[in-house]
Structure formats: C-alpha cells, structure tokens
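Visitor: Structure below; questions to follow.
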Amino acid sequence: MNAPLRRLAMIVTAMFTALMVAATWVQFVDAGRLRDDPRNSRTLYEKLGRERGAITTADGTVIAQSEKVDDRYQYQRKYPKGDLYSAVTGTFSVTTGASGLEAAEDKYLSGTSDRYFFRRVSDLLTGTQPSGAVVETTLRDSVQQAAADGLGNQQGAVVALDPKTGAVLALYSSPGWDPNALASHDRSAAAQARAALEAEDSEPLVSKATRQSYPPGSTFKLITTAAALESGDYTADSLLDGPAELTLPQTSRTLANDDDRPCGTDGKTSLADALRVSCNTAYASLGMTLGQDVLREQAEKFGFNAGFDIPIGVAASTFPTGLDGAQLARSAIGQDSVTATPMQMAMVAAAIANGGVVMQPNLVRTVRGRDLEVLDAPSPDERGRAVSRQTAASLTAMMEGVVESGTGRRAQIPGVSVAGKTGTAQTVAGAAPHAWFTAFAPADDPKVAVAVLVENGGNAAQEASGGSVAAPIAKSVIQAALAAPSSGSAG
Amino acid sequence: MSARWTEFCLSAAAVGIAMVAYGLVGVATDGAWPAGLLAYGGGLGALVLVLHLAVRWRAPFADPLLVPVATLLNGLGLALIHRLDVARDGSFAERQLVWSAVGLLLTVVVVVVLRDHRWLRRYTFTAMVVGLVLLVMPLVPLLGVNINGAQIWVRVGPVGFQPGELAKIVLTVFFAGYLVTARDTLSLVGPKVLGLQLPRARDLGPLIVAWLASLAVLVLERDLGTSLLFFGLFVAMLYVATQRVSWIAIGMTLFVGGAVLAWSMFDHVQARVSAWLNPFDAEEYDRKFGGSFQLVQGLFGLANGGLVGTGIGEGRPQTVPYAESDFIIATLGEETGLTGLLAVLVVYLVLVERGLRTAVAVRDGFGKLLAGGLAFAIALQCFVVAGGVLRVIPLTGLTMPFLAYGGSSLVANWMIVGLLLRISDAARRPAPAVPEPEGTPVVPDVAGSAETQVVRL
C-alpha cells in the first residue's frame, strides 16, 4: 500500500501548492485591483487613518486640508473656502466616498500612489506616521472669487483657462455647495446634507462647468466660422445672405434673426459682420453649404464628442451624426442637439487665442510630498491643432469686432483688447434662454480665455442675452486674471 | 536530541509563538501587553505539557512533530479569535479555550487508553453504525438544529455539537477496517475499457453506497463540505487499499455526476457556484442570501493584508461575516499577510505529510489505511475550506482544522492527532529483539509488502 500512499502525498502536495498559488494571486498579483475596488471599506479606513494631503490654489490659498480629531476616523477633512471651490475639490466623505479632485488625485492625497512606495517603506522602518501629498492646483483665488461674485445667486458656470498652457485659472459652478457638510463624520448628518442637495432642482452636486452640457447657441458660430475659413472658400470679407428669416428645408418652419430683421444692407453681410451681430440666417445657410461632416469634424478638432479628464472628469460635448437639413441649419447656430460644457466653450476660445492649438485643460500644477519634493508636475499637453494660425488670427480679429462694436460690447475693458462671442441659446419652449459669453484677452497676447454660462438668463430671465448677462461676468473674470501675477510656467 | 525532547522544545516554541500572537492583539488595540497573557500562555502550556508527558509515558516513539504543529495551529487560532472578540466585543475565545482543553485532554485519553491502534479494527462495523448515527443525528427532530440553512448541528442542553466532525474519525476507522478486509476482492480485475483496467461490476457496491450516502448528506443536511469530504476520503482510501487508479476514475465520474445533479436540483448549490464564478458582479455581491458578499469581503481583507499583512490587531477582519470560523483564513491572511498564510499552509502540509509518513512506516494494513485516511481528511478539509476562501473552488461550509472557531472540529482534530500519535508510536517502535529463528526469514506483515521499514516520502 505504500506506492499509493506516496502518490497520495503527491496529490496532497499539489492541493497545497494550488492553495499557495491562489493565495499569492489574491494577496500579491491581484491585490491592487482588490484594494482599489470601491466596495473595499478597508482601503477607505486605511486612508482615513493617514493624514491626507492638502489641496491649495496656485497662490497658496488652502482649499482642503485634514485636521486631527479625536474620533475613530482620526482626521476630519475641512474645506476652509466652503462652497467657493466645491466644483473643484469635491468632497471626501467617510460614508459615500470621494468626488472631484479628492477622488481624481486620491492616490497622491492619500499617499497610496506607487510613487510613494519608497516613502511608505521608509515610514514603515522608521515608524513615522505616513501622510499624503499636497496637491497644488492651477487655480487663482482672485479669479475664482471674481467668477463667483459675477454669477452671484444666478445658476451657471464660469471656466477660465490659460490659453497657452491649458492651466485652469477658475472653475466655478453656481450654486456651490458646502463640502464640509458632506464630509461630516456623523453619518446621518452627512447623509441628510447629501439628500438635501440631491433634492434641489438646481442639482448643485452636478458641476455645471464640467458635467452638464447645454446648447451653446451663437457661441457655436465660432466653430462654424472656423470651418468656413478652414475650407478655403471663405474669408472674413466673404458675402453671405442674411435674410430676416429662413425657411428650413423639408419643413414649413422658419429660422429667424434675433431682431427679426435682415443682416447688413439689403440682406447681404460679410462673414465678419455676421459674427459681429450674430446673424442666425447667414450662419444657418453657411452651415448647410459646408455640410454636417465638415462642421462635426471642426467641432471634434476643438474637443467635441469626447469626454476627458483634467483630472476631474469632463462630460463630452456633442455634435451628433445623421442630421437632416433643418437640424443641420439649427446646429450651425448651436441649437438643436448640439450641446457643450462651459469647459468646452472655454477651450474653443483658448484654442483660437493660442494660434489654433488646443491645449489639454489641467487643474494640477504640482504634487509635493511631505518634504516638498515634487512627485508630479504635469507639463502642458497639446490636444492637437483645431485651425491654422491664419484662421486663428482671422477669427481673433472678428471676435475683437464683436466686443468693439457688436453684441459683446459689455465685455469691453479700457486699455485691453478683448475678443469674444455672445450666445443666447433657446432651451425648451417658454423657458428663458441660456446666456453665454466666451472670450479671451488681451487679443494680441492672450493671457486668459473664459467661458461664462448663465442658466435660463439668470436674474434677467426672458430679457436675457449673452451680451447683457454673461459678458459683464466674463469681463470681471478677465480683469481679475490680468491683475493677478502670472503664476509661471505651469500656471 | 531524542524525539521527545524535540517534541518538548518545539511545543514550547509553539506556545511561545501563540503567546506572542495573543500579546500583539493587546499591543495593537490597547497599546499594552494584555493582562491575561501569562494565564493564557500558562494554561495552554500546562495542557500541552500534560499531553507531552502522556506521550512520553505511553507512546515514547511517537512522531515528535504532531503535538507542536497542532499546538501552534490551535494557539494561533485562539489568538486570532481573541483578536476578533476584541473588535466585536465577543466571547468566542473563552469558549474556544475551553474546547481546546477538552480536545487536549481527550487526546491524552486516546494516547493513554488506546494501547494499540489495531484494537480499533475489532470495532469496524460498530464504527459504521456509530458513524451513520452521528451523520443522521442532526436530522432527528428536537435534537437537530438548522443554522444558516445547514442541518448539521445537534443541541443537547446548552451544548451545541457538529456530529459530522466526529463521524469523520469514526467513518475513517470503518473505512480502514472494511477496506483492509475487502481489498483483495476489490482489487480483482474486471473488464478493460479504453486502456483502463476496471474493477468487476459487482464490486462497485461499496463505492455506490458511499456516493449515495454523501448525496444524502448533501440533500438532507444541505452540507456541501461534509458531503465532499466523506466521498473524497472514501475514494482516496479505496485507492490506497487497492492500488487501482480505476477506482479514482470511477470515483471522479461519480463525483462529477453528483455535482452536476446537485447543481441542477438545488438553488443553494447554484448560488454558491455563480457567486464563485462572478463574485464581483453587483448582482451576486448585493444578493441577500447566498451571494458573494462574504467571499468578496474576504478577498478584500486578503488583498489589504498584502505581502506582510497589516499586523495582528491592525486589520479589519471583522468586516467579513464568520471571520472566526469559515473565514479564519481570511483573518489570518489579512493580519499576517501572504507570508503568514503561506507559513501556516506549510505547517498544515507538515502535519499531513507526517501523517502520511506514519502510514507508510506502520507495518499493518489497517494502520496504514487509518493513518493515511486521517491525514488525507485533514488535507482535504484544508483544501476545501481554504480553496473556498481563496476562490479556487466554490465555498462550502467547513472549518479550518485547529485554527477556526468550533468546538466539535477542534476536539475531533485533536483526537485525530491522538490516533496519529498512537499509530506513529507503533510505526517507529524498534522491532523487539526476538531471537532469529534459524533458517526461516522473518515474515513481514501481509500488508507491509516489500518495503516495510524503508521510509521514503
């Protein structure tokens, strides 16, 4: 019986080998994925027990930090600026997890990044309490404050970018919300605060700057213009038909100008003038002439039809396929099913300001460890070229016309040439239109590009237009950005 | 150093390691060595010392590794259960300590009272009856208790017991006694199919009976683990007795058939399988009964333990339901890491291999089958439990020998150690200096075959 007993011993060894291989798989090979699973509460507890790194603006304002408290979570996350930066920081909650930068930069903030490996080993050996890294954003406090002040109690969003680097100078969604309430260690208080925010019609938790997309209205004419100039068949001086109204193909419906009058003298207008006065009929027929594929490709070069991370997630702006003639005409003026996030429209202005090259928007300037050593410093990243340098220059001149003598006059700044475009986007029948303004300045050496959206006209309601409601906000944000000292290479 | 001193020193080391583990729980949770540490170590040490002395007295040639290995696993288990008590304000560890004492003392009784393991062979058919009664006990009204869907408990007054654990020993005795008698018949050659020498059809009876009994356990008691354990044990012992690979083939075929049958007939089996295949699906994870929540939480714990573990008392093993019993492996892996888990698996492997080595070395066929069967039962039980937690196979409901909380299991496994001590004493006892009869060679025991004293493993 000894031969089968020896074989049994081999079988037993094989069984235990299988267990050891499985243990190695679970605890070593696959462990990273299991630790990162959002259902793994241990990872959360582990993070909570470590001092989480702060989040600051480029000019040193602390917008999130951890304070030692005497409860089982050890550290309480605090947001000294409250709702001003809620669309950026998100919150770090023990009950519902993290959102915003707290989630996107979690590996650094919590100190679990692979770049932290040697630090963790040395902490283990020296017995030092491990701590997370500090994330310094590209935001500038004065610009962010100007955005919030400009919107006031109106619902909407402001995004300001450095056109040359893609650095985000301001990112504000109104109404803001208090991340402190959601980060409470009192589970029921945190849950109540979240439920109250979720019950609000204004959906404050969904950032209007990055997660919501809206019909861009006439600001989309920048893209239609870009497509026309890029086609080589048009210049700023090309003459277009601009009747008071246009019958849409295969329908009995019409598309009219805002003032129900023809554009230019005897219904003929140059492309530059059409942009300056935001002539709907001229752009609708221009769009139909160019065709939906040309428009869509131009929109995609600016960033449409793709979501991306900055590193918080930005929803995709859309220019759909399969449009019929009427839909195409309306899409060319930023209506119908074309939608854009304020971040996207800021990118359009920034790309024109940057000679046609789209820079990847980015919120993170540096990540520094406890000894201030730089763990990460993203360098400016080109997304690609949207238009040629000549087209960009031509568009810039046309946009300057909009602010000098067109619909965007309320964005004028003494001594600074501002290039901009208004938008007054129809929403559902009867509702007040969304007011848009996107701009950059100074036109000859752009330092800042902004997009402002005021939902449903804000306080002006039905009387609202992009020029009257959104342009003044853009103006004050640009002024704040130009007044603030430049934050150097990354900012 | 003699075997007994080896046993003494290793046992002392095992108690020491268990004390350190126990003490670390206090250091991690309270910041100080726990007050009861010396009492705990002293109590465990005293019990093991009694066993050690009993072995010196009645089984002086016994394998010196069995007692230290079992002590180490038992002690580590106590520390881990105590650790979970601290986290959950429970009192499992105290009860487990009482059961440890009962188990150790019963082992002493086995070593002292059972002077020769061959005595057990006389009770082969008594063992069968007792084994079957033990298996059926949980089904008796008023006696059996249904816990978590499995009908495997018996409650007499305040004491709950899983008779299946004792049945494991008794049925191994029966299998050994029966097979050593029937092996010649069962080895007879039948028809040859596809190059495989099959046994005669009429000899299939016992295997079919074991198969049906296992299915009955599965169906009536809804106990996957015990069912699998008994059938696997019987097939293994059948193979050892007859040396016929065909028995394994037939056994596997029956097992697969039974498994498919069980899967198609029972929701709880299907639930276990689908929770095993797709544990991370939200649907499986969120299912209220029979979902993968426990399995996935166990895997999370193991992953967070990583290579070196969080440290005893520093993890969150209490997140996993039944962390002290079915999922003690997850607790161990989380707090001592892959390093600790592999070390403990190796310790189990040492225990099993010492048992199999005893089986190889012992001279009589009954002893071979008994030792081999008991050792394999431990191995199979480890594989079924740890394999379930580590997602090698679907989860069943068995406990990790010595480590997991559970009185019946602990007592039964200590008694297995007692039996192995007794058999190994016989195996390693030097042959008495009998004056060699002239001319006739010493006739080896029938079962001992040609390689009686050559121990190779």
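Here the Cβ of each residue, glycine as well, is placed from N, Cα and C on the backbone.
Annotated transmembrane segment per TrEMBL: B:33-53, B:65-84, B:96-114, B:126-146, B:166-183, B:204-220, B:226-242, B:247-266, B:337-356, B:368-390, B:402-421, in sequence order.
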Visitor: Establish whether the number of Cβ pairs under 8 Å between the transmembrane segment (B:33-53) and the transmembrane segment (B:247-266) reaches at least three, counting only pairs separated by 6 or more residues.
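Guide: Taking Cβ pairs at least 6 residues apart, the transmembrane segment (B:247-266) and the transmembrane segment (B:33-53) are not in contact, as fewer than 3 fall under 8 Å.
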Visitor: Who are the long-range neighbours of the transmembrane segment (B:96-114) in its own chain, taking Cβ under 8 Å and residues 6 or more past its ends?
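Guide: Apart from its flanks, the transmembrane segment (B:96-114) reaches 40, 43-44, 47-48, 50-51, 54-55, 57-59, 62, 74, 77-78, 81, 120, 405-407, 410-411, 413-415, 417-419, 421-422.
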Visitor: At an 8 Å Cβ cut-off, counting only pairs 6 or more apart in sequence, do the transmembrane segment (B:402-421) and the transmembrane segment (B:166-183) clear the bar of 3 or more pairs?
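Guide: Contact confirmed: at least 3 Cβ pairs fall under 8 Å.
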Visitor: Taking the transmembrane segment (B:65-84) as the reference, which of B:126-146, B:247-266, B:337-356 gives the largest number of Cβ pairs under 8 angstroms?
Guide: B:337-356
Visitor: In terms of Cβ proximity under 8 Å, which residues at least six beyond the ends of the transmembrane segment (B:226-242) contact it?
Guide: 152, 164, 168, 171-172, 175-176, 179-180, 182-183, 186-187, 199, 206-207, 210-211, 213-215, 217-218, 248, 251-252, 254-255, 258, 359, 365, 368-369, 372-373, 376-377, 380-381, 384, 396, 398
